[in-house]
Amino acid sequence: MPGGGRMLVMSELIRLDQDTTATDPQGPQKELSGRSPDDLRNIAATVASEAADHVRGERAFAVGSSGRLDVEDTKSSDVDPVTAIDRSSENLIRIRLHELTDRGAGPDPILGEEDGGALADSGVTWVVDPVDGTVNLVYGIPASAVSIAACVDGVPVAGAVADIFHGTVYSACAGGDVVTRVDGDERVIEGTVQTSLQQLSMALVGTGFSYVSSRRRAQADLLVDLLPEIRDIRRMGSAALDLCAVATGRLDAYYEHGLGPWDYAAGTLIAARSGAVVFMPSLVSGQDEGVGILAAAPGITDELAEKVLAVTLPLSKGHP
Ligand code: IPD
Ligand code: CA
Ligand code: CA
């Protein structure tokens, strides 16, 4: 068993697909304080788009003749960078969400990767990754995004992922279409998940790796077993964009263990509303436990889930 993680009971994971993300008027809707899921999708798309413009502009301004962005700080390990732009992007997002969600009784709470916060017990909490793909942003590899999701009870009800380098904003909400926004023009996307794919051997699968080397070793062991069974693997460096790639058919599946809630809150809903099958831990679960998430074309989900979700890859104590 790669990494020696305990066996995972699949029922511990939440399944998101087109049926389970259909609007339930008795469920999350009553928690939205009079707003529809589409109102929340609009807020997420607007703010993510503004933050992506900010990040693009700031990077162009700040980058030196080396083409690299300065790293201000590190987080979980020496290779987990924080730049001034991660912080200024989150600051902008917090200000805009406060403005757009304050209906007199105070704004909705926010959980952000850089400034923290917590998921509220009731009502909407906004879960924010101000730059997903910071290493790519530092190196100038064009795969970074802003991810913003409105979440209730540990699951997303609306969300947006804004591709920083290419300008596209992907968004979705419970019961709604998946929408792309380019230069302010919105377009519904449908039929892009590869529903005819039945063979895992033909699947192009995305994944990602932790910043912590002990978990990386377990992830590598898992990959050694999987790679001979699939078409090929891609490691692009932004979990949020990987999930959008499943939604738009540029990947057949994506999995990773030990993500933070900000990495997958918006992207999982976008993939599920596109017709992918998603298994994810509740957004309240901790990263250290190393639970996996999977988004896949329906015909290969069960086989892939057996291979990648059967284990968790927890961090060892005092991890190197
Ligand atoms: C990271 C990216 C990467 C994934 C890592 C994440 P960050 O987010 O999504 O693709 O493999 O697990 O931590 O640090 O760039 O926001
Ligand atoms: Ca991230
Ligand atoms: Ca981040």
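A Cβ is built for glycine as well, from the same backbone N, Cα and C atoms used for every other residue.
All annotation found in TrEMBL is predicted automatically rather than curated by experts.
Sequence annotations record features per position, and here TrEMBL assigns region 'Disordered' to 1-40.
According to DSSP, D129 (Mg(2+) binding site) sits within a strand segment. The Mg(2+) binding site annotation in TrEMBL covers E113, D129, D132, D263.
The Cβ centroid of E113, D129, D132, D263 marks the Mg(2+) site; residues of that chain outside this set whose Cβ lies within 8 Å of it are V128, P130, V131, S147, A239, A240, G260, W262, given in sequence order. Secondary structure at D263 (Mg(2+) binding site), taken from DSSP and collapsed to helix, strand or coil, is helix. The Cβ of D129 (Mg(2+) binding site) lies under 8 Å from the Cβ of G112, E113, A145, V146, S147, I148, A240, G260, W262, D263, each of which sits 6+ residues away along the same chain. Among the binding-site residues E113, D132, D263, the residue whose Cβ has the fewest other Cβ atoms within 10 Å is E113.
The binding-site residues near ligand 3, defined by a Cβ under 6 Å from one of its atoms, are E113, D129, D132, chosen from E113, D129, D132, D263.
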